[in-house]
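Swiss-Prot annotations:
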ACT_SITE  Asp81  active site, nucleophile
DOMAIN    157-303  domain 'TRUD'
Amino acid sequence: MNDLELLGPRAYGEALGSAVLKATAEDFQVDEVLDIPLTGEGEHLWLWVEKRGLNTEEAARRIAKAAGVPLRTVSYAGLKDRQALTRQWFSVQLPGKADPDMSAAENDTLRILKTGRHKRKLQRGAHSANGFTLRLTQLVGDTAAIDARLQLIAQHGIPNYFGTQRFGHNGGNVVDAREWAVRKALPEQRNARSRLLSTARSYLFNKVLAARVAEGSWQRAQVGDLLAFTDSRSFFPAGEAECSDPRLAILDLHPTGPQWGEGDSPASGATFELEQAVAAGEADLRDWLVNAGMSQERRILRLPIGGLTWHYPSLDILQLEFVLPAGCFATVLVRELVDLVPVGQTDNPCVF
């Protein structure tokens, strides 16, 4: 499956060139934004960790081993990419214990930048956002056109697709999810079950968003929509008055799409009909999610790009800096600009 099948159409037209992303880990930097002041005391040791070429789960295992504790006592807010330079928080539960010597966890792929005590463990999803610094190298394209498109993106946002990373290599997770759905069964292994259910929900959401992008309504509220603020999980129905709410124009308020699950959809009108039609086209996945007991949720269709800045360190490098809400994908921004090609290859675009 290619990225058009997994995501959908671009909002701003065809790619304006090509580039390489992640030639080195430093080309994709992520800083977790976590607004939790540490109390300085408590049974939980929090660690601000920088990792390079290491995924979050591997880092957690290394931290647990160095601390001499079971892996289940190590917590983190969110998963970060392996092929990147990332900084994020971990917590380790140490009831009645002094701070352990964590040096055994450190090497050239993991550094502990600071530590502190807190009364509570770090919860999944506790981070509010992620800050990104991306460096696109071997850039081939019209920089004036790229600048103009970036200005549009800063003003209007982008479609909030789940990135291709969610779906595995060539969409393999979607294939696996469909096979389980046809069998009306769930994987016994918890991680596999969670991964495939998440894949199915994300895929259905992307198909709804793709239809809204195709009809030009992805950033426009219409009667029957459910609206949500950027950083809120709650939503409310849109009537005529809500469709002209000025907060829509300043990218504070957005139409939403379905995270499929059990229960009736609270959408109505044309929005309800579109979402039901998309789900009917993937009836096995829809029913699988309902029968698995997934709850009906919503996700904003439009993604505002916080603090977007860019410059060209050299003629063939574009550096982007921006902030995204937790759970949103930096690569969908890159996709609105250029096609990505593998390192060492600049003629044939690849799916990323």
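Backbone N, Cα and C atoms are what each Cβ position is placed from, and that goes for glycine too.
Under DSSP, residues within the domain 'TRUD' (157-303) fall into helix, strand and coil as 74 helix, 23 strand, 50 coil. Predicted-model confidence for the domain 'TRUD' (157-303) is 97, expressed as mean pLDDT.
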